[in-house]
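Everything on this sheet refers to the single structure shown next.
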Amino acid sequence: MSVSAAPAIPQYSVSDYMKFALAGAIGCGSTHSSMVPIDVVKTRIQLEPTVYNKGMVGSFKQIIAGEGAGALLTGFGPTLLGYSIQGAFKFGGYEVFKKFFIDNLGYDTASRYKNSVYMGSAAMAEFLADIALCPLEATRIRLVSQPQFANGLVGGFSRILKEEGIGSFYSGFTPILFKQIPYNIAKFLVFERASEFYYGFAGPKEKLSSTSTTLLNLLSGLTAGLAAAIVSQPADTLLSKVNKTKKAPGQSTVGLLAQLAKQLGFFGSFAGLPTRLVMVGTLTSLQFGIYGSLKSTLGCPPTIEIGGGGH
């Protein structure tokens, strides 16, 4: 569709952005915490592929047999809290930055370069989200990889802080950025374009039922999740390794990353991909489904849709 007269751009209040953030927090927090058992298996496969080498189902059985079913909920606390905070920044921030770019570029220019608007908005929102997420993600990975390390979120967080200092929470910040920023760019870019594609067949959004809209959000989210999982898988594996490995004296984070990347190799960096495709595809689909439904429930104004083919 060619760019036509610019539609009226909604003006959001602080309250509106808070509603976007709340919807994102609930969507991300609930979905990530519900996937904790799968994430425990994925992380174990990444960290100890020679031990957990029987695939997803076999590794589930192996963990339950060796440690009990409760081991599959390891890291639930930091996952729920961390990803709720991240979701608030991720979705709320995306709306903030998309509005910022449209206001400053003008609607016509934003329409011509909408892929860049989507990508820039997603990247900036994710950077802020990762600052908040990093300490809790480091704690989660430590609890999953070392089940005897501490008893829950508070114990794990306190022990890391006491024994290794606050800087250790951000030892994985660089790989988190390498993982999450490409992931979030792919997630929102593919979701936006997939939505355009699917709505092109289904018809105008305003003429569809709420059930149809939710189903299209779920389908677009699934498409986005599969793409995002593949793009970010090598950095996800590297992140798991970084949070388990202590740096040698004088070794920089970049040096440790290079060392671990060399050890993993190309195929090793994709360890656990099938499991992660299931997990990320499912949770991304649910996130966008929940986010869309909650925006309606909370009385959020409509998000800005950018027309045109875009670059």
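Each residue, glycine too, has its Cβ placed from N, Cα and C.
Placement of GLN148 and ALA248 with respect to the membrane, taken from Swiss-Prot, is on a common side. Among the candidates SER59, SER145, SER293, the residue that Swiss-Prot annotates as phosphoserine is SER145. The list of residues near the transmembrane segment (215-235) in space but at least 6 beyond its ends in sequence, with Cβ under 8 angstroms from a Cβ of it, reads 175, 178-180, 182-184, 186-191, 194-195, 198-199, 202, 208, 269-270, 272-273, 276-277, 279-289, 291-293. Across 20-40, 116-136, 254-274, the stretch most heavily in contact with the transmembrane segment (166-186), judged by Cβ pairs under 8 Å, is 116-136. Here the topological domain 'Mitochondrial intermembrane' (187-214) has Cβ contacts under 8 Å with residues 94, 114-115, 118-119, 121-122, 220-221, 223-225, 227-228, 284, 288-289, 292-293, 296 of the same chain, all six or more residues outside its ends.
Secondary structure of the repeat 'Solcar 3' (212-297) per DSSP (helix as H, G, I; strand as E, B; remaining residues coil): 72 helix, 0 strand, 14 coil.
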